[in-house]
Amino acid sequence: MPSSEDTYTEAPDSVRIILIILTILSFAPQLYSLWAKKNSTGISLGYVLASLLVVTEDLTKEVYLTLNVPEAAAGIFTHDPLNTGDWLNFVQVLVTWALFLTLFILCVRLRRQGSDTSPYRNLYILALLISLVPELIDLLGLTPETKSWPRQDLREMFIFTHAVLLTPMATFIGGFSWFLQAAQSRSHVHDTALSLTGLAIQAVVFGLIAISWVFRVVYAETWDPLGLGWYFEYGYPVINNAVFAGVQFLSLVWALYWRTVGQRPQTKDKAEREREREPLLEAEGNYTTH
């Protein structure tokens, strides 16, 4: 059980600021591609929504620990009291959420005419109703409470649900999003608004962000880096950002494959099938003549 003071140095604020800037820049190629093409063909709404759901879950816990109940962490994950690094962590997640939300809205608005996007929109509205909306209500002091259900109990039940149940679900959804985008990349090889440059940049940037989260939180005096406790208390930002970086990298490789190698055998097979049909058509013509 290592001590939190053993060879541990928190990431400096300058690194956190640089990563926030890189996060913003990493979305620029994809947002520009959507703006230039005026359509979101080739981008899976499920893939974008999945990433948005993951970062919404991360933001929910950040808001709780930074704004709603900062004393709940008690010097674990965040400082007590909060310092500049904690606020920069909050800004990092908030900016990432805002960019994913912008991307999701653009993909919905620029969907081809006739596409039904209501299931995706309704699902995200539902996600907001069980995550950020209750926190906003609590910040406004409007949380309902009774003698049997005091405000503190409602808060603890809320964060327990997100920390223990929804956190692993978010990680799974983030990884599953690759399969959703893979189908679109296969179907829309050339007529796609998906930015390969954006995929490459985000694979690198979010990989760096994942590593940085190891050094952005406050650890307890003793903790087990290999246990599940690490994931639920400290490691979920590391894992979620790493999963997203991996998804972007695999999406890039998959898209490049179908743009280069993947199309050649299909074209060749079609030509071979045409050549094979020619003798059959000639024989059928001769039979008809006779």
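Here the Cβ of each residue, glycine as well, is placed from N, Cα and C on the backbone.
Database features (TrEMBL):
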type	residues	note
COMPBIAS	267-280	compositional bias 'Basic and acidic residues'
REGION	267-290	region 'Disordered'
TRANSMEM	15-35	transmembrane segment
TRANSMEM	47-67	transmembrane segment
TRANSMEM	87-108	transmembrane segment
TRANSMEM	120-137	transmembrane segment
TRANSMEM	157-180	transmembrane segment
TRANSMEM	192-215	transmembrane segment
TRANSMEM	235-258	transmembrane segment
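Within its own chain, the transmembrane segment (235-258) has Cβ neighbours under 8 Å at 51, 54-55, 58, 61, 93, 167, 170-171, 174-175, 177-178, 181-182, 185-186, 189, 192, 194, 196, 199-200, 202-207, 209-211, 213-214, 216-217, counting only residues six or more beyond its boundaries. Among the recorded stretches 47-67, 87-108, 192-215, the one sharing the largest number of Cβ pairs closer than 8 Å with the transmembrane segment (157-180) is 47-67. Residues 13, 16-17, 19-20, 23-24, 27, 30-31, 34-35, 40, 43, 45, 48-49, 51-52, 55-56, 58-59, 62-63, 66-67, 78, 117, 120-121, 124, 209, 216-217, 237 of the same chain lie 6 or more positions beyond the ends of the transmembrane segment (87-108) yet place their CB under 8 Å from a CB of it.
Beyond the transmembrane segment (15-35), the same-chain residues lying 6 or more positions past its ends with a Cβ under 8 Å from any Cβ of the stretch are 43, 85, 88-89, 91-92, 95-96, 99, 102-103, 106-107, 110, 193-195, 197-198, 201-202, 205-206, 208-209, 212, 216. Sequence-distant contacts of the transmembrane segment (192-215) (same chain, at least 6 residues past either end, Cβ-Cβ under 8 Å): 8-11, 15-16, 19, 22-23, 25-30, 32-34, 37, 39-43, 92, 110, 181, 184-185, 235, 237-242, 244-246, 248-249, 251-252, 255-256.
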